[in-house]
Amino acid sequence: SFTISLRTVDNITVTIKLRPGVSVGCQIRVKHFTRSELKIKPGENVTFTFTCSTPEKYFIMEIQKNIDCVSGPCPFGDVHLYPPGLPRLNRTFIWDVKASTKAGLELKFSTPWLRQIEPGEVCPDFVSYNINSCIDTSTVNIGTFCRNGSVSRVKLLGGVIMSLYLPWNSPLTTSGFSIANRSSIKRLCIIESILKGESSITLMSPNYPLGFPEDELMTWQFVIPSNMRASVFFHNYSLSNCARKEERVEYYIPGSLSNPEVFKLSDSQPANIAGSFNLSLQGCDQDAQNPGILRLLFQVVVQHPQVDENVTHLVDLSKERNMTVTIHFEGWPNRIPVMSEPICLICKDPRTCDRVLTLVSGTVYKISFLCKDLSRLRITAEKGISCVDLRWCQRKVYPLSVPKAITQLPIQLHKFIWKLLAPDLINIEITSPSLKLQQHVPEQRCNTSYSYSIVSSTTPDTALNVGVFCPGGSIEKIQMRNNVTISLKTFGKGFFNESNHQDLKMSFVPHIKDECSFTVNPDPKAKVYLQTPNWPYGLPPYISISWYVVVPSKKVARLGFSKDRMGIACETGRAYVNIKEETQGAEETVRREDELLPEPRNMYHDFWVNVSNCKPVDKTQLTLQFWVTFGDKQIDLGVILAVVAGAGVLTAIGLTVCCVKKKKKKSQNPMVGVYNANVNTQVPGKQGLFTKGRKNNESHVYAVIDDAMVYGHLLKESNGSVSPEVDVYRPFDGPIGSLPPSPPPFSFRKDIKHSSNTEEPPSLTDTDHDTYTFAHQKSGQSEDIGDTNEKNNGDTSTSLLENKEQDSLAE
C-alpha cells in the first residue's frame, strides 16, 4: 500500500488516473472501494493500493504545485520533487507560478543544462521539460527541452507553468532548476545559451511551429568564449502578413560599429562572430483577416578560427552569361548535415558566410572558406544557352566547357549543367571533334574522371534520356530535336588536369527527321558498342533513332546485334530496324519486331542503322544494342585471275596496234577495221589460266581498233539486257572523285549487293575510287552467296575476249 500525506501550506494536488487509450485492467482500492481515478487535495492523507502488480502500465500521475509570487513572497531557490514516497508511475510535476508582468521570473537550470527539441521529438532518457509563459489569460509555449544542452537560464515576462516529465523507472530525485529572481525584461522571454568549445545547437521561436505571438519581441543570449567563432543559420522560417511594422531579426555584437545590426529573415545571417552576442526576433501587427504565421528554427555553430580564413580566392564571372555557381556541402540539397558534423562555411565577405553560397554571372567575387576539410565541399554550376533566331545563332558554335574560374578553385566540381533551349523547328547538335564520345554501356564502361549525361525533352514528362557518355570514343556528333540538358559529372580529382582538354561543342541546326541521330566515326582497331536511348527502360512509343557509321577507307565493317529479336509486341503501329549502306543502288535491309534481327554482316561503305518504335502492348519497351568491328578488305582469287586476264588482253591489243601502225607507214590507204585471221593473241605462258581457249580460232581479234569503236554499243543494241552467260562492262554513271577514273579491268565479280556476309575487293586504281561496277548477278544465283573469301576462291573468271559471242564483233 501507499500513503500520500499533503500539507495545506504546500498547495500541492496529486492526481492518479488512467493512461489515455488504455482499457480498465487495473483499479485503485481505497479502503473497501475501487476506482479508476484518485485525486488527493492539499491537507488530505490517503492510503491506497492497486489491484494489479504492474500499475505503471495503466496509470499516470500528475503532481501540481501552485506558487503565488504576486500576493506573497516568491520561494526563490531550488525547486524540490515533493511529496516523497510516490508510487513508481509515469509522473508529471507541474509548477504553476503566478507573477506580475512588471516583474518577470528567471528559471535557472543546473548542469548539464537543457537542449531544445522540436515538437514530437523524444528525449534519449525520456526526461523532458516544458516551459510555458502566462501573460494575463494567454499562454505561450516557450519550448520543450531535454537534459544535456546549452540552455542555462530562461527569463519570462509574467507567470510561468513549468512541467517536468519523468518515466516510472527514472532515478532522478531533483527537479534540476531553481527560481532565481524577479526582474522586468519588457519582452516575451530571454533564453541564455552557454557554448563551450566547438559545438552546435538548434533553437526555435516560441509556439513553434504554430506561430510567434503577434507584435512580440524575444531575445537569445549566446555566451561564446572569446577565442571561438560563432555563425548563425536559419533553416526553417515563415513570415506573417504584417499590417504595421516589419518582422526582422536584430543582432547585438560587441565591437560592432552598427549595433543593433538588422536583418530580414530571408537574408544570410552573420557568421564568424568573435565572442558572445545577442539575437532578437521582432514580430509585427498582423492582418486581422489573414494573419499568417511567423516562426523560426535556426542553428548556431561554434568553431575555432580557421587558419586560412583570411585567404581569398578570386572568382571572376564578369564575362559569363546566364550562369550560376553554387558552392555547397557534400550531399546538398538532399542531405542535411547532422549537428555533430564539423561545419564548412563559404564566405563572400568576413561576416557573410553560409554552408551554401550561390554566385551569379556578371560579377567578380572574393571568397574564403571556414573549413578544416575542403574535400567536403562541392561545386554545382548551371548555364543556359538559347536560340531565338536561327539565322543568327546557326552561325555560332558554343563551347561546352567548364570555365577556368571554377576549375581553379580548391574544391571538387560535382556537376556542371548546360540547359540548351531551342524553339520549334530549331534543333541542337552536339559535337566532340577531337576526343569524340564513348557511350557508357555494360560491355564498354567509362573509366574517365568525368562523364556527360544527356537528356532531350520539351517537358519533364517527355524526357528522353539519350545516355551517359565520356570522352575517348567514336561518336563525333549527336543531333536532337528538343531542348537538351547536359550534365557533366566528375569522379575523383582527375578532372582538374583533364579539364584543359575539353572539346565538347554545341550549335543550333535546322529541323531533323529523327528524334535523335548519332554520327559514329570509330577507330578501325576498336569494337564499338551502341545502344538505344532510355536504357534500360526502353524507347518511348513512336520514337525513331538513327546512327550513321563511317567505314574507314580500305576497311570493311562487321555489324552485329546483341540479341536475335527486338523482344516486343506492338499494340499500335510497327517497330522496325533499317540498315542501308550509303552508296548508289544499295538495297535496304528491314526487319520488323516479329522477325529475327539480321545476322552479323559486312558493310563496305558508310551505312545507316535506324530503329523506330511502335506502341508496345505491355510495359516492356524496345531496347536494342549493336556492335561494329573492322577488318581489312581481302582480294579473292577470282579478282586476281580477272586482273591477269585483263593485263593479257591489253598486251595483245597493244601488239596489234603496233603492227597496224607499221603497215600504215607502207600503205596510204584509209584506215578500215578489217578482220585479220593470221594474228595470234594468245599470251605466251598463260594458256593454263583459261579453260575455254581458242588456240586455232582467232576470228574474234581485230587487226585495227579505231577510237570510235567501243564495246558499249552492244548494250544499246540489246536494250541493256545481258545474257546470263556473258559478263560485259557497264558505263559508269555515278559520282567520281577529284581525279579522273582509270579504265576498268576486264574482270567481273559475283554480286554482293544482297549478301550480308560478302567482302568487297578493294579498288584496283591508284586513287582508290570505286567508280566502276562489274557486279551482275547471274540468273538463278542464290541471294545470299556467303563470304567471297570462302566461296569465290576457286572461281575462275572468264575473260571478255574468251566469250564466243564476241565473234560477232568482226562482222
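Cβ coordinates are placed from backbone N, Cα and C, and glycine is handled just like the others.
Predicted automatically and left uncurated, TrEMBL annotations should be read as such.
Annotated features, as they stand in TrEMBL:
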type	residues	note
DOMAIN	2-69	domain 'CDCP1 first CUB'
DOMAIN	78-181	domain 'CDCP1 second and fifth CUB'
DOMAIN	187-290	domain 'CDCP1 third and sixth CUB'
DOMAIN	314-402	domain 'CDCP1 fourth CUB'
DOMAIN	407-498	domain 'CDCP1 second and fifth CUB'
DOMAIN	514-627	domain 'CDCP1 third and sixth CUB'
TRANSMEM	637-660	transmembrane segment
REGION	733-811	region 'Disordered'
COMPBIAS	748-757	compositional bias 'Basic and acidic residues'
COMPBIAS	802-811	compositional bias 'Basic and acidic residues'
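The average pLDDT the prediction assigns to the domain 'CDCP1 first CUB' (2-69) is 93. When Cβ-Cβ distances under 8 Å to the domain 'CDCP1 third and sixth CUB' (187-290) are tallied for each of 2-69, 78-181, 407-498, 514-627, the top count falls to 78-181. For the domain 'CDCP1 third and sixth CUB' (514-627), the number of residues in each DSSP class (helix H, G, I; strand E, B; coil) is 0 helix, 52 strand, 62 coil.
Among 2-69, 78-181, 514-627, 514-627 has the largest number of CB pairs under 8 A with the domain 'CDCP1 second and fifth CUB' (407-498). Only sequence-distant pairs (6 or more apart) were considered; of these, at least three Cβ pairs between the domain 'CDCP1 second and fifth CUB' (78-181) and the domain 'CDCP1 first CUB' (2-69) are under 8 A, so the stretches are in contact.
Across the domain 'CDCP1 second and fifth CUB' (78-181), DSSP classifies residues as 0 helix, 62 strand, 42 coil.
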